[in-house]
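As annotated by TrEMBL, domain 'ABC transmembrane type-1' applies to B:92-303. Under the heading region 'Disordered', TrEMBL lists B:1-21. What TrEMBL records for B:35-61, B:96-117, B:129-149, B:177-201, B:222-244, B:285-306 is transmembrane segment.
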Amino acid sequence: MRARKALRGIAVALAGALALTACGGGGGESADNGPAKLRMTVWSANEAHLKLFNEIADEYRKSHPDVAEIKFDPLPFDNYTTTLTTQIAGGNAPDLAWVFENSAPDFVASGALQPLDDTLKKAEGYQYDDLSPATLKLWQNDGKLYAYPFSTSPFGVFVNTDMVKKAGQKTPAELIAAGQWTWDNALATAAAAGAKSGKAGLVIRDFDYKGWDNLSTFWTGWGAQAWSEDGKTCGFNSPEMVEAMTTLHKATFTQKALPGPGTTADFFAGDSAMTVTQISRASLLKDGGFGWDLVPLPAGPKGNYAVVGQAGLGVMKKSPHAKQAADFLAFFTNPTNSAKLAQFFPPPRQSQLTAETLAKTNPKLKPEQLQKVVIDGITNGVVKPSHAGQAELSQQVRAGLDPLWQPNADVKAVLDGVCAKIQPLLAK
Amino acid sequence: MTQTDTRVGPATAGPTPGRARPFWTTRRRDQLTGYLFITPQLLGSAVFVILPLVLVVWYSLHEWNVLAGTFDFVGTDNYQALADDPNLGAVLRATGLFSVGLVVFNLALALLLAVLLNQKLRGTILFRTLFFSPVVVSLVAWTIVWGFLLQDNGGLNSLLDTVGVDGPNWLRGEGTAMLSVIVVQVFKNVGLNMVLFLAALQGVPAELYEAAQVDGASRLRQFWRITVPLISPTIMLTSIITVVGSLQVFAQIAVLTQGGPGTSTTVLVYYLYQQAFQFHHFGYGATLSIVLFAIVLALTVLQWQMRKRWVFHES
């Protein structure tokens, strides 16, 4: 009798567990009958960004009474993807979501996102063919587009020209004019400016000796790659990577051109002579702060190159309002709204990738800066490293690279160690 | 006319033959009241403790791909993966190191502070408040501030620099990173154990010390022979709380080191978080949480059993 009662109790608990599992894994598939309430997760809480998004959403809702609300839900940048997947696991998936380029393979290949081709192609006046094929590559699978690359943002070098001039160095603009804008010269200039000012030389923003994928802005100049094109073979111990990382190690610990590990320096607060970052950070420049310039990445031993960061916008397949969400995405990214978004996010539309168009919405940047850094960068750039299972790979690479950030590190041995760690993951 | 005295029940008068015993006896009413009082707690435990435990076991038998929306039964595969996990040894080592370091530093410092602040001197109230105040500060805010202090060019090294010492890069060295995380955590919570020890110390009868002084016992001998045995129940309590707390450390690791350098500060809870929420291995994360539960349970039971050996008295 007692055993029967115990069994009944376990059965009830398991039934509850199953019910909760269904809720957790299912993710709200039941469609509401009333007007849809859409939610889009974003990683920007910038007021100007949200104001523009809300203006576009309000305009959409005027002609779409079936959508009662469109809410933009900013999640913290640092834990964006983790928070997003936790929301999905908890059955609270958004209808639309921004996706980082490093998560693109996971989101696109898993089937989490709804294909967008048909909706976008059918949208009135959308001009689907205007989208640059190069910008779509990361977001396609089996010929279908799973996210719209709303931002393709090249990396450039912001320079504190006041600090460089005070150190008696040629400015990057002068070095470019002389055909001498190379990493060797850039690091020498940064080291001199840092030594003279007592501040930092060059900061690779968001790297901080942890976010190693930002180093692709550096090692691509040596022709190095984190992994092969097919993603199966580790590239960290290639001769090109060893050479690039040896240069970076010397620049950090011998030349002191970069602030060492555990030292923070914010270029936009005037703490460093140069920073490698994306043009969207231009908004952080304060009027009357210091003289500055934006120039392309320096040439490496393999010549000129460009690196871009991308962000996609997709519709979650499990959204109960996936149809309305896709329709809103088409409106949000149509030529008119794409031009508005271009002031913050370089668009994938070829017709809008002109210095004249971008200059209208990027008042802080000169047309030649936009041409050299943005337009040429998008046209010729390679995207930052991305791979299926990127989070696990990223963690393994981070842990493997940690011994490199010591003054007496054996660069080749450390990079061999990185490959030993990640090769099994790449081979999966 | 006679009146039945209901206060004198069957217990004293005995059951009247042919008359049914009343259902709502005093005993039953008391029992019902007791059950009603504990019902909210029982419901809370069932919903927030028992059910999640069952769920975690259930999840550990599955592979749950959140993005793809699949939830497949894999049996004991996750437990096999646990046995084959090349990182698990390093993770358990880091967890053990953190726990031992925290327990030793925390209890020793808390007891030392409690003994010092138990003296009848001016200003002890102020110092007690100062040492207790970090307990009420937000954990994340506390950790972020310490993150700045422990930077290579941070406050601590600047301080060391003024006395001619070139401080290490605290959060970047394999040895110093773990030490830093332990120290940050010790300073955060030492006040709580200190207050508990203070309360225990004030419960030690003064006449025992007086008798010991008459017998010529030194201060140190008094401490080991009188103080420690009499506050041993509190030492027991604080050690259980600290050990359990040390095994659940997360925010400090996430903010200060993110498990690095290498895997030197990747403790079990942080590894569990990585596997489940960063790598999307929810089934494996559930399996790791069962390992954590088993460790906490085993250590608590062990400590509870050991009380018979070293706890002086128990009520």
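Here the Cβ of each residue, glycine as well, is placed from N, Cα and C on the backbone.
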CB contact flag for the transmembrane segment (B:96-117) and the transmembrane segment (B:222-244), at least three pairs under 8 A: yes
Listed stretch, out of B:35-61, B:129-149, B:177-201, B:285-306, that has the most CB pairs under 8 angstroms to the transmembrane segment (B:222-244): B:177-201
Spatial neighbours of the transmembrane segment (B:177-201) far in sequence, C-beta under 8 Å, 6+ residues away: 94, 97-98, 101-102, 105-107, 109-111, 113-115, 117-118, 128, 131-135, 137, 139, 142-143, 146, 150, 170-171, 227, 230-231, 233-234, 237-238, 241-242, 245-246, 249, 252-253, 256-257, 260-261, 264-265
Beyond the flanks of the transmembrane segment (B:35-61) by at least 6 residues, Cβ under 8 Å: 73-76, 78-79, 282-283, 286-287, 289-290, 293
